[in-house]
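Student: Below, the features straight out of Swiss-Prot:
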- Asp10, Lys33, 60-69, Thr116, Arg178, Gln187, 207-208: substrate binding site (BINDING)
- Lys62: active site, proton donor (ACT_SITE)
Amino acid sequence: MNKPVFIALDFPNLKTAFDFLNKFPSHEKPAVKVGMELFYAEGPKIIQQLRQKGYKVFLDLKLYDIPHTVAAAVRSLLALDVQYLTIHSLGGLKMMEAAVDAAEGKIKLLAVTQLTSISANEMRGTQLTSATIEQSVKHLTQLALLAGVDGTISSPLEANIIKQITPDDFLKITPGIRLFNDQNGDQIRITTPKKAKEFGASGLVVGRSITQAADPLSVYRKILEEFE
C-alpha cells in the first residue's frame, strides 16, 4: 500500500456495504474507509467482518476530545486491528501527543486538518481567524508533525504545502477526489486523482465517484491507474 486508494464505504448498514464490495473480484480487494455513518450503525462488527475477509481498513472517526478521553478511545480501538485511524488536529498538540502515546506504533494515526467541505470564509468566521486555509493547514500539519502522528488529511489542494514541510514518509491522504464528469456534492476543495498526485498526495479517499458509478470496478481501476 505505497500509494493507497481507499474507497469510502458511506453506506447505512453492513448489508449495503458488502453488497457493494461483492462487485469486486475476490483477488482485487480495495482498501476501504469506514466513517461515522457505518461505524455508528453497525459498531465494531463491521470492522471485524472486513478484517476477517482480508480488507485493509481506515477508520475515520476524527477523534476530538480532551487528551485523556482520546487516548482511552485509541487504546480501545487498537483491538479492532485497523490500519489507519483519524484524530482531529484542532484538538491541539497535547491531545495528538496523547493519541500517539496510546497508539504505541500499532496503528497509523492521521490528523484531520480542515474539512474539504469548508470554504475560506466559513473557516475564518467559524474559527475566528484571519488565516487562509493554506496557512491553517500548514500550521496544523506542523503541530501534527511535532506530536508524532503519521500523516494528515487535507484537501488535495494543500498536499503540496504539506509535502514541503514534512519528511518523505509522512502520509498525505486526500479526500475530495472527483473525476472530470462528477458532481462536487458537498465538497468544495476538490481535484482529480492525476492532479492530486501532482500536488504530492500519497493516498486518496474516494467515495461517490466509485460507490455511485454504474461500473465501480472500472472506475476504481481508472483511479488507480491515474494515481500510480
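Glycine is no exception: its Cβ is also placed from the backbone N, Cα and C atoms.
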Student: Measuring Cα to Cα, how many angstrom lie between Thr116 (substrate binding site) and the residue listed as 'active site, proton donor'?
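Tutor: Taking the Cα atoms only, Thr116 (substrate binding site) lies 14 Å from the residue listed as 'active site, proton donor'.
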Student: Check each residue in the chain of Leu61 (substrate binding site) that is at least six apart in sequence and keep those whose C-beta is under 8 Å from its C-beta; list them in sequence order.
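Tutor: Within the chain, Leu61 (substrate binding site) has Cβ neighbours under 8 Å at Gly35, Met36, Phe39, Ala73, Leu77, Leu85, Thr86.
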Student: Going by DSSP, give the three-state secondary structure for the residue listed as 'active site, proton donor'.
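Tutor: Looking at the DSSP assignment, the residue listed as 'active site, proton donor' belongs to a strand.
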Student: Going by DSSP, is Asp10 (substrate binding site) sitting in a helix, a strand, or coil?
Tutor: coil
Student: Tell me, how many other CB atoms lie within 10 A of the CB of Pro67 (substrate binding site), whichever protein chain they belong to?
Tutor: 18
Student: Hey, what's the Cβ neighbour count for Asp10 (substrate binding site) at 10 Å?
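Tutor: Other Cβ atoms found within 10 Å: 18.
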Student: Round to the nearest Å and give the CA-to-CA distance linking Lys62 (active site, proton donor) with Gly207 (substrate binding site).
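Tutor: Answer for this pair: 17 Å between alpha carbons.
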Student: Count the Cβ atoms, other than its own, that fall within 10 Å of the Cβ of Lys62 (active site, proton donor), considering every protein chain shown.
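Tutor: If we count other Cβ atoms within 10 Å of Lys62 (active site, proton donor), we arrive at 18.
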Student: Taking the Cβ of Tyr64 (substrate binding site) as the centre, count every other Cβ atom within 10 Å, in any protein chain shown.
Tutor: 16
Student: As a test of the contact definition, list every same-chain residue at least 6 positions from Gly207 (substrate binding site) whose Cβ is closer than 8 Å to its Cβ.
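Tutor: Within the chain, Gly207 (substrate binding site) has Cβ neighbours under 8 Å at Ile7, Ala8, Asp10, Lys33, Pro175.
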Student: Going by DSSP, is Thr116 (substrate binding site) sitting in a helix, a strand, or coil?
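Tutor: DSSP call for Thr116 (substrate binding site): coil, neither helix nor strand.
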Student: DSSP secondary structure for Pro67 (substrate binding site), reduced to helix/strand/coil, please.
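Tutor: Note: Pro67 (substrate binding site) is helical by DSSP.
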Student: Provide the number of Cβ atoms within 10 Å of the Cβ of Thr116 (substrate binding site), excluding the reference atom itself.
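Tutor: Around Thr116 (substrate binding site), other Cβ atoms within 10 Å: 23.
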